[in-house]
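Enquirer: Can you keep this structure in mind? I'll have questions shortly.
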């Protein structure tokens, strides 16, 4: 469907008998040729592996942050590196790739994705074992000495050991997280060919009323990938990062601990090999489907060997094609609306696991598993119904735009209750609550040291939380003023804790155990309510995804479809996918109330956030971006309505003039 046409095009006679004949031939070719269905099946497998890896990457955000001791803003850069790689080639691949063998170009891209995914797992094999500070000495290996001790221990000697180790050259390892970033960039480069070339290939060889249905089925099958991605993320997060290299019984932290790092690298190995497997069939598919009149002249089998345009010939048309695309007012409105919406989407999809972990006190294992279980099926069902509705009711451009707008607004209203679902921070002495019954020590610039632990010589950079019998968490046994221990490993308990006694507890009830105190039971209930509402909102929103995507194909000239999708994806990545995780990661860092510290100094990963501020930043910013996006979409719909009305008027004028131009014989 063209947006604008010249007068000569409008008055060209189009006999009805010829059009019906062509339509019947096309339908017959589409039904009888298995090539299109094979291509859709292979492309669906590519979408599956791509989306699996993408979902798994989102699920490992927290693990990577802790493994490399980096802030959320740096993790945002790693996450945005996928978009960086994508934008490097998306426009070129979208335009030039459409002129050549599209299945093979897609296959080369999927191959690159597999290589990049495997590269992301490489840092685990070249780094040393993960080390964390703990009160139980020698948990990981011989080098992981006790950094956090009880009040009666010689804490100053421990600190001297730490400083001495750094002076001897035990510096922090090189920033190997850059390898993860590089692998993600390569993934982005490879992914650039799948969307524009795959969608345009299907739209070229399928009937218009079937195209939306096929694309809906494709996205539905692709959405199954995140189910396995988040499930794989849940499994890997439950396994210790150095699995097979350490005795699991000696690990004194659990997946709920803010120092826990799961086997994040394992999922990249699995998904990387799967992606390489998905690339193979594409190299054996034909360049074009036979006997289909919708094929462009250069792609038609009868013309493939007559003339293959050179790069120079194709490049000459690139500038005018791009200018024609960017002067389309409706397309520009659609583009800006997408950019704003994609900012909200990038923030949501990147930081939802982290938000749920921090807001409701859930482990990464439980969070990733439940996200995949409760969110992905409604998304898949919504996308499938979206394509089915498009086919069943044969929605045109205006109908697609209206359906997309209605589902988006409905989903927005379903997210309003999110703001009421919240949990308070746990009580952490000196961080969220004061030390009860104690007087602050003078001349100490910290709320962590009071009269009950002032003589212990505790270091502020230590983080090995213990839960006192008074229900308050202390950042270490030393800060709890504990004077003795019993047991070893995870069964270790701390006794005679003077800071616990300051709450009015008796000497016999002043013990503490490893780990943070658990949150109130209502937190878990609100967590499940949040997931239920999120599932419903996803289902409603995704019922408008296929119409929303079809708009980008129908508001431009047919020869610009690939470029339209490519330009859309490029702009989304430049102005949405790259900056959104970075600037919101910096906003998350601003809500941190307790930072971890690296072995030889320097700020590490955040150990605890202000959940209330985090909640309003996360939900508030996403909601504001969505409202702005839907306002712009409404403006675009009004422009589409005017265009449709103008087209109808032009058609009526043509019908009135046809009897005079072509009188009956």
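Cβ atoms are placed via backbone N, Cα and C, with glycine included.
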Enquirer: Look up transmembrane segment in TrEMBL and report which of 497-518, 563-584 it refers to.
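Expert: Checking TrEMBL against the ranges 497-518, 563-584, the transmembrane segment one is 563-584.
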Enquirer: Count up the helix, strand and coil residues in the domain 'Kazal-like' (446-501) according to DSSP, in that order.
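Expert: For the domain 'Kazal-like' (446-501), the helix, strand and coil counts are 10 helix, 12 strand, 34 coil.
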Enquirer: Can you check how the pLDDT averages out over the domain 'Major facilitator superfamily (MFS) profile' (39-638)?
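Expert: Result for the domain 'Major facilitator superfamily (MFS) profile' (39-638): average pLDDT 79.
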